[in-house]
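*Asks:* Below you will find the structure I want to go over with you.
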């Protein structure tokens with residue numbers, strides 16, 4: 001019974017860890033901004049991105065778990081040193097985004113208690129560190145992610161209900177959009193399963209001892225659940241923002257996602273949004289640190305033996321940089337652009353591994369999953385490549 005309970009908790013915990021890692025301050029801002037631009041047609045973008053997210057994540061999680069190896073080890077088996085390259089991209093991207101996550105947590109406590117954002121960032125960093133000071137850090141991380149995810153969705157759902165969004169119109173344009181923005185699709189897919197995010201849950205399952213072909217049903221369920229949890233938050237926030245925008249309310253350009261909360265609850269709405277952005281940010285801090293370090297553990301035995309200390313160091317560095325330097329905009333933009341390449345590169349390596357018996361044994365990867373995976377690789381590679389070329393051109397102009 002204990003083993004069954006442990007597996008169920010691990011499967012649920014992995015889903016919430018991945019989902020709450022995706023729901024960070026950038027997730028909230030992007031959702032509000034695109035809703036303001038595309039209005040009800042943003043529902044179509046969300047729907048399409050959900051399908052692409054599921055296609056990408058199912059491929060990655062199933063192959064990682066059936067092989068019993070972390071993504072960097074699979075990559076090294078496919079191409080020598082490819083795992084080191086992937087790990088470098090993940091860690092750079094994870095650190096850059098974690099600086100933003102710590103900043104978001106600081107802003108959240110500033111909205112709730114009125115303390116300085118820098119002090120809020122330090123307090124949030126300490127709270128995240130406390131989890132990894134305990135021996136049962138994995139279980140605490142799972143439970144914390146579940147609690148924060150529940151709080152975020154419930155508060156945002158309340159705000160959505162109060163803004164009275166045009167649900168019928170949103171549902172209609174989710175299938176028949178008036179306009180389509182390819183950049184919005186790429187941004188949503190990259191923000192949900194890009195970078196370190198999709199590997200958070202897969203590596204968590206491995207750490208919980210869930211691996212092998214016999215675990216495929218659990219893994220598929222956890223993988224899809226993670227996408228649906230993150231997407232539920234996006235849909236609810238989309239409708240909340242659509243509710244105020246459809247009434248002619250202009251979004252606050254400094255913090256667009258906060259607008260529906262203020263519309264519903266006035267000044268207290270800032271406190272409500274503070275709770276949401278803090279929960280979103282601090283869980284992303286934890287997810288980014290945990291997953292980034294998980295990409296180094298098998299490449300360096302010293303890190304494996306002192307994993308929690310390295311996770312704590314990762315959080316400390318992110319917090320110190322935020323407090324002393326702030327958000328180094330140029331670095332964040334550049335690393336964020338590189339981060340867009342992680343999904344097509346990592347997914348391509350994982351898909352190549354699916355046909356290597358020395359990696360997956362006798363496992364037969366479903367053809368339709370492989371097809372959907374390669375489709376995501378091609379689309380994301382093209383659009384991410386265009387973004388990087390545009391960035392380099394603007395840098396030298």
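One is the number of the first residue shown, and numbering goes on along the chain from there.
Backbone N, Cα and C atoms are what each Cβ position is placed from, and that goes for glycine too.
This is the feature table in Swiss-Prot:
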TRANSMEM  9-29  transmembrane segment
TRANSMEM  38-58  transmembrane segment
TRANSMEM  85-105  transmembrane segment
TRANSMEM  112-132  transmembrane segment
TRANSMEM  148-168  transmembrane segment
TRANSMEM  182-202  transmembrane segment
TRANSMEM  226-246  transmembrane segment
TRANSMEM  271-291  transmembrane segment
TRANSMEM  310-330  transmembrane segment
TRANSMEM  331-351  transmembrane segment
TRANSMEM  365-385  transmembrane segment
*Asks:* For the transmembrane segment (9-29), which stretch among 85-105, 226-246, 271-291 has the most Cβ pairs under 8 A?
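*Replies:* Selected stretch: 271-291, with the most Cβ pairs under 8 Å.
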*Asks:* Does the transmembrane segment (148-168) reach the transmembrane segment (271-291) with at least 3 CB pairs under 8 A, where each pair is 6 or more residues apart?
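*Replies:* These two segments touch.
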*Asks:* Looking at the transmembrane segment (85-105) and the transmembrane segment (112-132), are there 3+ C-beta pairs under 8 A, with each pair at least 6 apart in sequence?
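*Replies:* Taking Cβ pairs at least 6 residues apart, the transmembrane segment (112-132) and the transmembrane segment (85-105) are in contact, with 3 or more under 8 Å.
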*Asks:* State the residues, same chain only, that lie 6 or more residues beyond the ends of the transmembrane segment (112-132) and have a CB under 8 A from a CB inside it; answer 'none' if no residue qualifies.
*Replies:* 102-103, 105-106, 140-141, 144, 271, 274-275, 278, 281-282, 285-286, 289, 308, 311-312, 315-316, 318-319, 322-323
